[in-house]
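Chemist: This is the structure I want to talk about, given as structure tokens.
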């Protein structure tokens, strides 16, 4: 007895008196250095051979001489029983005439979408089940395209490709007639890039400067009226209607600016101030601006007896382009010095100097769809249309047209812009903004298309050239009229809606007043006054 206690003290292990040290034995196992760590398969050892007191009995087989054990259990997919859960594709008998082929195809497609394209495409030796897919129990993030589970189609790329085939075809581009619907002769129409001799009023009257005379053509009845004749010592250099279309201003080669009543053919006012020809005019609501070869821009006010109220000095060569913004806050001017300047009424100096053009800037147009968006076109050495944000002076975009840009005009009906060109193609082009894709290219003039004006309805443009013709083109669609609001009457609110209002607010006792907002008729404009039972 004492001897056994002594042995237990030497071993350093306190064991019960009924257990001997020989009953507890830990057999180490050895393996070749190159072999990998093997895990014990607990499922393959019979329960009858296991002893609760011995670890050496937990071997893979009863007949093995050396035991293999480890401190953790690592499952192996090769031994997983996936067929138990129906994750492995099984061959099912197909009855004749039962459509089994379609069911198999649907089953394969469904499994491919749920478990991946490689599901069921594996082989296992001796029929042992293997892991069906490398993406099993894995968050799939490789693809976010058509196969993504977040795509609109549940079946991913297969159905997406089919839906693309039957998708709605793209809307065809708008068709623009390639030929003018009217051509007028304009004898003595000058072939001068720096003049502006055609303008169309808001009252549908076209003004054209021919030599020393100004003619008015009424579009509604094609009647031609001679407005004035400046005489043999002067000639017409520019014409511009007021926004209301009642008065027209005329710039002359002697530097004068005349204002005429278009309906009565009577001169109202004559302004001086320029030293040489006045080639461009621009009206705001109250101010008439004139640009001249003397490089100055004068501001005229018909309510003031003086010739001009202010002078803008900034160009180093002839001023050939001039346009007021639609809100009358900014004036854009272009000159033969390749500069585009932006002015306001509070300063005698330009607020913006844009010098990216490499040729004369005659074509200027403000967008009616976006505030502060300005388009400009350069001459023969430049050939570019450039778009500017006048708020910060940045250039938004530019496109090389391949020809001298003579005029620009925005459409009021759609977000498109038309340009006329000179050397070397003499074409008219319609562009879609902001993509600047070409809508149409129109040809017909034999010389530079120097003049451009738009009809009051915004659908027709007229172009003039040195070939002494005026051509009318239908290039823009009509204005989309908003759908009329149907007048549903006073009682359109409905009895059920009033009852629902009572249920929502049980404290309301009764309707005391009913009123309809003028010009309304829809339920949102029906005003009901209720009395309340709530204490005040």
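Each residue, glycine too, has its Cβ placed from N, Cα and C.
All TrEMBL annotations are machine predictions without curation.
Per TrEMBL, the feature compositional bias 'Polar residues' maps to 14-23, 31-50. The compositional bias 'Low complexity' feature in TrEMBL is assigned to 51-70. Residues or ranges marked as compositional bias 'Basic residues' by TrEMBL: 172-181. Among the features that TrEMBL reports, region 'Disordered' is placed at 1-70, 161-181. The repeat 'WD' feature in TrEMBL is assigned to 312-353, 354-398, 442-475.
Surface or core, plus neighbours and distances: that's what I need for these features.
Modeler: Residues 430, 439-440, 442, 444, 471-475, 477 of the same chain lie 6+ residues outside the compositional bias 'Basic residues' (172-181) yet bring a C-beta within less than 8 angstroms of a C-beta in it.
Broken down with DSSP, the repeat 'WD' (312-353) shows 0 helix, 21 strand, 21 coil.
Nonlocal intrachain contacts for the repeat 'WD' (354-398), taken as residues 6+ away from its ends with a CB within less than 8 angstroms of a stretch CB, comprise 193-194, 317, 320-327, 330, 332-342, 404-410, 412, 415, 417, 419, 422-423, 431, 433-434, 436.
Outside the repeat 'WD' (442-475), and at least 6 residues removed from its termini, the chain residues within Cβ reach (under 8 Å) are 176-193, 195-204, 206, 208, 219, 245, 404, 406-409, 411-413, 418, 420-423, 425-430.
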Chemist: So what pLDDT does the repeat 'WD' (312-353) average out to?
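Modeler: Overall, the repeat 'WD' (312-353) comes to a mean pLDDT of 95.
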Chemist: Per DSSP, what is the residue tally for the repeat 'WD' (442-475) in helix, strand and coil?
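Modeler: Across the repeat 'WD' (442-475), DSSP assigns the residues as follows: 0 helix, 19 strand, 15 coil.
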